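Structure record follows, encoded as C-alpha cells.
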C-alpha cells in the first residue's frame with residue numbers, strides 16, 4: 001500500500017510541469033514548422049509569464065478571502081484543463097491565422113497559455129495539498145516533479161527533435177546566396193552562376209527528419225497529464241485525502257512573523273528537534289525558526305528557482321552548442337536525469353542545516369556561473385573544439401541542476417513541517433523567482449542580444 005501511494009504521489013508530482021517542459025524540448029522541431037521560426041521561444045517566454053496571473057490570483061484569494069477556496073476542486077479543474085489543452089494541441093498546433101498581414105500560430109500560443117496557467121498554478125495548489133500526507137511523501141513528490149522534465153526529454157531524444165548533422169555543401173565563387181530566415185543555422189538557398197568556375201565546399205548544419213510527428217508527441221503529453229489526473233483522484237480516496245484543505249490557510253494575516261508551526265502532535269513540542277522515521281534527528285528545529293531564518297529560506301527558494309527556471313535555461317543553447325550537438329543533447333538529457341536523482345538523495349542523506357543548504361546553493365550557483373560565462377563567450381568559449389570542454393560543460397550542467405534540486409527539496413521539507421501556509425508561500429516564492437529570472441533574461445537575450453549563436457559545423461575559433 002505504501003509503495004502504491006509513493007507511485008501515485010510521484011505521478012501526481014510529474015504532472016506539475018510536464019506540459020511546459022514538453023513544449024520546451026519540442027521547440028527545436030517546432031521552430032522549423034511554425035511561422036514564428038526562432039522567435040517562438042521569445043513568444044513562449046512572454047506567454048508563460050502572463051500565466052503567472054493564476055498563482056497570483058490564488059495567493060491573493062487566500063490572503064484577503066481566507067477559507068473561500070479549496071485546493072481540491074482547483075487541482076481537479078487545472079488538471080482537466082491541462083489534459084484537454086494537450087489533446088487539442090496535438091491536432092491544432094500547426095494551425096495558423098493571418099494577423100496584420102502575417103501568419104501567426106494563434107492556436108498554438110493560446111493553448112500554450114492554458115498549459116502554462118495549469119503548471120504555474122500547480123506551484124500554489126499541489127504543495128499545500130501534499131501537506132495532508134506524511135512528510136516523507138513530499139520527497140517523492142519532488143522526484144515526480146523532476147521526472148516532469150526527464151520523461152519529455154527522453155521522448156524528444158527518441159523522436160530526434162532538433163538533431164542536426166554536418167553536410168558538405170559545394171558552391172562556386174559566383175554563387176548568389178539567399179538566406180532562409182526560418183532557420184537559425186546558416187542554411188541558404190543558392191543560385192549558381194552559369195560561368196564555369198572551380199567548385200568549393202564547406203560544412204553546414206542540416207536538421208534530420210524526426211522519427212515521429214509532433215502529433216504523437218503531444219498525445220503522449222496528454223497521456224501523462226491524464227495519468228496525473230487519475231493519480232490525484234486515487235490519492236483523494238486515501239484516508240487522509242479528506243483531511244482538511246486549504247480553507248484553513250491564512251485565517252489571520254500571514255507574514256513571516258505570523259506563520260504558525262504545526263500542532264505539537266505533528267511537529268513535536270516547541271523547541272524540540274523534528275525527527276524523521278528511521279533517519280534520526282535533524283539539524284533544524286522547525287518550531288524554533290526565527291523570522292530571519294524564514295526570510296532566508298524564502299529568499300533561497302526564489303533565488304534557486306530564478307536560476308533553474310528562468311536564467312540558465314535561457315542560455316543553455318548558447319553555452320552548449322559551441323561544443324557540438326552531442327554535448328548539447330548530453331547536457332540537456334543528463335541534467336534532466338540529475339534532477340530526480342538529486343530528489344532521491346534526501347531520502348537517504350537528509351540535511352536540514354541552513355548553513356549546509358546555503359553552502360550548497362553557493363556551490364550550485366558557481367556551476368551556473370560557469371555555464372553563464374560559457375554562454376557569454378559563445379560562439380568561442382573556453383576549450384571549444386577540445387574534448388575536455390565538452391566534458392566540463394556537461395558535468396557543470398549536471399552538477400548545477402543536482403545541487404539546486406537537493407536544496408529545493410530540503411527547503412520544501414522544512415517548510416512543510418512548519419505549516420501548510422508555509423508551503424503555500426513556498427509555491428508563491430517558486431513562481432516569483434521563476435518570473436524574475438525570465439523577465440531578467442528576456443531583454444538580455446532577445447532585445448540587447450548579448451549572446452551570439454553560430455553554426456557549429458562551420459565554426460572557426462582558431463583566430
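Cβ atoms are placed via backbone N, Cα and C, with glycine included.
As recorded in Swiss-Prot:
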{"type": "TOPO_DOM", "residues": "1-6", "note": "topological domain 'Cytoplasmic'"}
{"type": "TRANSMEM", "residues": "7-27", "note": "transmembrane segment"}
{"type": "TOPO_DOM", "residues": "28-37", "note": "topological domain 'Extracellular'"}
{"type": "TRANSMEM", "residues": "38-58", "note": "transmembrane segment"}
{"type": "TOPO_DOM", "residues": "59-71", "note": "topological domain 'Cytoplasmic'"}
{"type": "TRANSMEM", "residues": "72-92", "note": "transmembrane segment"}
{"type": "TOPO_DOM", "residues": "93-105", "note": "topological domain 'Extracellular'"}
{"type": "TRANSMEM", "residues": "106-126", "note": "transmembrane segment"}
{"type": "TOPO_DOM", "residues": "127-137", "note": "topological domain 'Cytoplasmic'"}
{"type": "TRANSMEM", "residues": "138-158", "note": "transmembrane segment"}
{"type": "TOPO_DOM", "residues": "159-214", "note": "topological domain 'Extracellular'"}
{"type": "CARBOHYD", "residues": "168", "note": "N-linked glycosylation site"}
{"type": "TRANSMEM", "residues": "215-235", "note": "transmembrane segment"}
{"type": "TOPO_DOM", "residues": "236-294", "note": "topological domain 'Cytoplasmic'"}
{"type": "MOD_RES", "residues": "245", "note": "phosphoserine"}
{"type": "MOD_RES", "residues": "269", "note": "phosphoserine"}
{"type": "TRANSMEM", "residues": "295-315", "note": "transmembrane segment"}
{"type": "TOPO_DOM", "residues": "316-329", "note": "topological domain 'Extracellular'"}
{"type": "TRANSMEM", "residues": "330-350", "note": "transmembrane segment"}
{"type": "TRANSMEM", "residues": "354-374", "note": "transmembrane segment"}
{"type": "TOPO_DOM", "residues": "375-390", "note": "topological domain 'Extracellular'"}
{"type": "TRANSMEM", "residues": "391-411", "note": "transmembrane segment"}
{"type": "TOPO_DOM", "residues": "412-421", "note": "topological domain 'Cytoplasmic'"}
{"type": "TRANSMEM", "residues": "422-442", "note": "transmembrane segment"}
{"type": "TOPO_DOM", "residues": "443-463", "note": "topological domain 'Extracellular'"}
With an 8 Å cut-off on Cβ pairs and a sequence gap of 6 or more, do the transmembrane segment (138-158) and the transmembrane segment (330-350) reach 3 or more such pairs?
yes
Packing count at residue 168 (N-linked glycosylation site) (other Cβ atoms within 10 Å of its Cβ):
9
Interface check, the transmembrane segment (215-235) with the transmembrane segment (7-27), three or more C-beta pairs under 8 A:
yes
Counting each residue once, how many in the topological domain 'Extracellular' (93-105) are helix, strand and coil under DSSP?
0 helix, 6 strand, 7 coil
Can you name the far-off residues of the same chain, 6+ from the ends of the transmembrane segment (354-374), with a Cβ under 8 Å from a Cβ of it?
283-284, 293, 296-297, 300, 303-304, 307, 311-312, 315-316, 318-320, 322, 381-382, 392-393, 396-397, 399-400, 402-404, 406-407, 410-411
Candidate ranges 72-92, 391-411, 422-442 - greatest C-beta contact count to the transmembrane segment (7-27) (under 8 angstroms):
72-92
Determine whether the transmembrane segment (106-126) and the transmembrane segment (38-58) share at least three Cβ pairs under 8 Å, counting only pairs 6 or more apart in sequence.
yes
Count the CB pairs under 8 A between the transmembrane segment (391-411) and each of 38-58, 72-92, 295-315, 330-350, 422-442, then give me the winner.
330-350
Recorded stretch, among 72-92, 295-315, 422-442, maximising Cβ pairs under 8 Å relative to the transmembrane segment (38-58):
422-442
Residues of the topological domain 'Cytoplasmic' (59-71) by DSSP state, where helix covers H, G and I:
7 helix, 0 strand, 6 coil
Residues in the topological domain 'Extracellular' (443-463) grouped by DSSP into helix, strand and remaining coil:
8 helix, 0 strand, 13 coil
PLDDT averaged over every residue in the topological domain 'Cytoplasmic' (1-6):
83
